Amino acid sequence: MDSIAAAESGHLGLPLGAAEMGAVLYGQSMNYNPDEPKWINRDRFVLSAGHGSMFLYSWLHLAGFDLSKDEVANFRQHHSMTPGHPEFPNSEHVTPGIEATTGPLGAGVSNCAGLAAASKMSAAIFNTDDHTIFDNHIFCIVGDGCLQEGVSAEAACFSAHEKLDNLIVLYDANDVTLDKMAEFTQSEDVGARYEAYGWDVITLLDGHDLKALYEATEEAKSNNNGKPTLIICKTEIGRGIDEVAGTNAAHGEAGVAYVDGARKALGLPEEKWFVSDDTYKFFADRKATLKAGYEAWEATYDAWKGANPDLAKTLQDGIDGVTPSVAELFAAIPESKGGDQATRVSGSEIINNIADAVPLYISGSADLHGSNKNYIKGGGDFGADFGKSYSGRNVYYGIREHAMGCILNGFAYYGLFRPSGATFLVFADYMRATVRIAALAELPVSYIWTHDSIGVGEDGPTHQPVETVTGLRAFPNLDVIRPADYEETAGAYVASIDKKDGPTALILSRQNLQEIVEVPASVRREGTLKGAYTLVEEKGDLECIIIATGSEVQHAYNAAKELGDGVRVVSMPCMERFDRQDAAYKESVLPAACRKRVAMEAGVTTMWYKYVGLDGKVIGVDRFGFSAPGDIVMEELGMTAKNCAAEVKAYMG
């Protein structure tokens with residue numbers, strides 16, 4: 001109450017209405033060590049209803065994490081450790097005990113499906129008959145907002161189907177949403193819905209009953225029947241502030257006006273941010289008990305490391321985020337044999353080289369492995385049934401792109417794996433909210449988005465992305481790489497492993513592309529890492545620069561052959577990587593003295609003007625496509641070497 005009142009901003013309802021859940025989770029049921037907040041076998045807790053962030057900050061402080069009372073009091077202030085919504089530790093905020101960035105409703109509980117899957121995978125890979133290293137649980141609190149969002153339904157289906165019985169979700173069922181009482185917008189039986197998915201459901205008519213909450217969480221923890229658990233807790237939102245309790249007014253800060261009266265009614269002293277000595281002692285004793293359990297685990301861990309040195313190295317590399325060097329990764333990928341092929345086909349070969357070099361790299365697809373061609377051969381399939389195993393490196397998400405994005409983030413939050421996931425590029429829009437959080441939280445997730453342009457052809461404009469790549473390039477901290485052929489695809493995959501502080505999008509073609517064998521593979525690969533490079537050097541005085549990306553590089557390359565000695569061709573697979581290069585390198589590729597510039601991409605033209613200038617020209621597609629064979633669509637919309645040459649000649653006058 002005091003932090004929200006001081007900030008004059010925040011959400012009082014959940015922290016007060018769900019207080020008993022926090023008491024049970026942090027005071028009794030969860031296994032963690034505040035002094036080692038990144039302990040690999042800790043239970044994870046995610047506050048999916050992230051607007052109630054003061055709930056989490058309060059309990060982290062009480063439980064003994066390195067979060068001082070001053071920081072709790074500094075809620076929602078600049079440079080504080082207690083931002084408006086929980087943020088996974090990154091370069092902006094480092095708040096111990098935060099397991100996921102939550103804010104968009106439904107995302108946090110969907111991240112938990114990934115955390116639970118990662119926990120199952122860790123146990124399957126690293127536990128032995130003699131030593132159990134991983135046996136943790138994933139806890140989450142959700143509200144009606146999270147369960148109304150469709151992404152949570154997708155994740156719930158995935159969790160049940162893959163038998164993630166280490167996932168425990170507490171539903172703060174207070175019958176309230178922000179605008180109205182919940183009955184105004186929902187009438188379904190949530191418990192029956194989750195039972196139909198395949199979850200165990202426990203209903204507590206009094207979600208403030210500490211004993212009942214404890215018994216329910218312990219029952220869920222002991223569950224090994226293959227079913228995740230939903231505990232429905234009937235609660236009163238804003239409990240303790242009688243003027244707003246139980247109403248939608250309690251959701252935000254409307255109750256702040258009554259905080260002083262509530263403090264008195266609750267029997268609290270006038271001192272702000274008061275915590276009793278008994279409360280601190282309780283959690284100090286709890287911390288000591290947890291530390292003893294941690295030390296017992298450490299002894300087991302040390303014995304396991306001695307008995308399994310190779311596994312121990314793999315695990316430690318995962319913990320530390322260690323991957324092979326760029327040079328080692330390139331050495332693991334054979335050079336092109338020549339011949340035209342789609343970059344998705346190139347990717348099907350290269351992803352297996354990457355998987356061999358990076359043992360904790362995993363892949364997955366939203367029911368499109370056969371089209372995305374991102375299957376790790378010999379890696380096995382993740383899951384519980386149908387010949388699958390929890391050690392499998394290929395995750396089948398079903399037709400659930402929304403959930404796949406969240407689950408990929410969950411794998412990354414877990415802290416061991418390098419997850420990648422695939423679908424058609426045009427469906428990346430289903431994943432935008434989760435891609436944004438991956439970029440914000442600096443998660444090293446890789447997206448493999450194929451069927452990248454109007455070249456998709458007969459499926460028509462619904463499946464031909466023209467604006468999608470530009471929309472993705474607008475995200476801060478997302479590298480969007482659209483390679484032109486096999487060698488650039490090799491560079492793109494290596495770049496995705498090399499980037500440890502944010503996600504990478506690999507944009508791959510359905511149609512065959514020309515392999516530009518005249519330029520050395522090393523130049524192509526290293527140039528991709530730098531985002532752009534000179535593919536064709538002018539043979540005389542520089543008169544014009546053609547910049548192209550992806551499937552249009554071949555056209556710029558071939559057009560240059562008839563445009564004369566003064567033309568330079570620059571391949572730019574990744575704007576973001578190029579923009580991070582130093583001024584000298586950028587000048588070497590795009591010298592400022594040359595103002596005659598043409599860019600070419602089978603997509604909307606807007607973003608290219610940052611490189612060609614207002615007096616430059618962009619050959620692009622500022623309209624939706626149409627249904628026809630891909631080569632016809634490309635030709636009709638000007639994506640050919642012939643049209644590139646004609647447009648450059650006309651521009652040069």
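Heads up, the Cβ atoms here are built off N, Cα and C, so glycines get one too.
Automatic prediction, not curation, is the source of TrEMBL annotations.
The Cβ of His11 (site 'Important for catalytic activity') lies under 8 Å from the Cβ of Ile4, His51, Gly52, Ser53, Met54, His251, Gly252, Glu253, each on the same chain and at least six residues away in sequence. If you look up TrEMBL, you'll see His11 (among others) marked as site 'Important for catalytic activity'.
The substrate binding site annotation in TrEMBL covers His11, His251, Arg344, Ser371, His451, Asp459, His463, Arg510. Cβ environment of Arg344 (substrate binding site): Ser371, Asn372, Lys373, Thr450, His451, Leu508, Ser509, Arg510 lie under 8 Å away, each six or more residues apart in the same chain.
Its Cβ placed at the centre, Phe427 (thiamine diphosphate binding site) has 19 other Cβ atoms within 10 Å. Positions annotated as thiamine diphosphate binding site by TrEMBL: His51, Gly103, Pro104, Leu105, Gly145, Asn174, His251, Phe427.
The site 'Important for catalytic activity' annotation in TrEMBL covers His251 (among others).
Around Glu401 (active site, proton donor), the same-chain residues six or more apart in sequence whose CB sits under 8 Å from its CB are Ala366, Thr423, Phe427, Tyr430, Met431, listed in sequence order. Look at TrEMBL and you will find Glu401 tagged as active site, proton donor.
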Taking each of the binding-site residues Asn174, Ser371 in turn and counting other Cβ atoms within 10 Å of its Cβ, which one has the fewest?
Ser371
Express the distance between the Cα positions of Pro104 (thiamine diphosphate binding site) and His463 (substrate binding site) as a whole number of Å.
27
Cα separation, Asp459 (substrate binding site) to Gly103 (thiamine diphosphate binding site) (Å, whole number):
36
In Å, how long is the longest CA to CA span across His51, Gly103, Pro104, Leu105, Gly145, Asn174, His251, Phe427, which the record gives as the thiamine diphosphate binders?
35
Using Cα positions only, nearest of the binding-site residues to Asp459 (substrate binding site) (Leu105, Gly145, Asn174):
Leu105
How many Å separate the Cα atoms of Asn174 (thiamine diphosphate binding site) and His463 (substrate binding site)?
42
Max CA-CA distance, Å, over listed substrate-binding residues His11, His251, Arg344, Ser371, His451, Asp459, His463, Arg510:
48
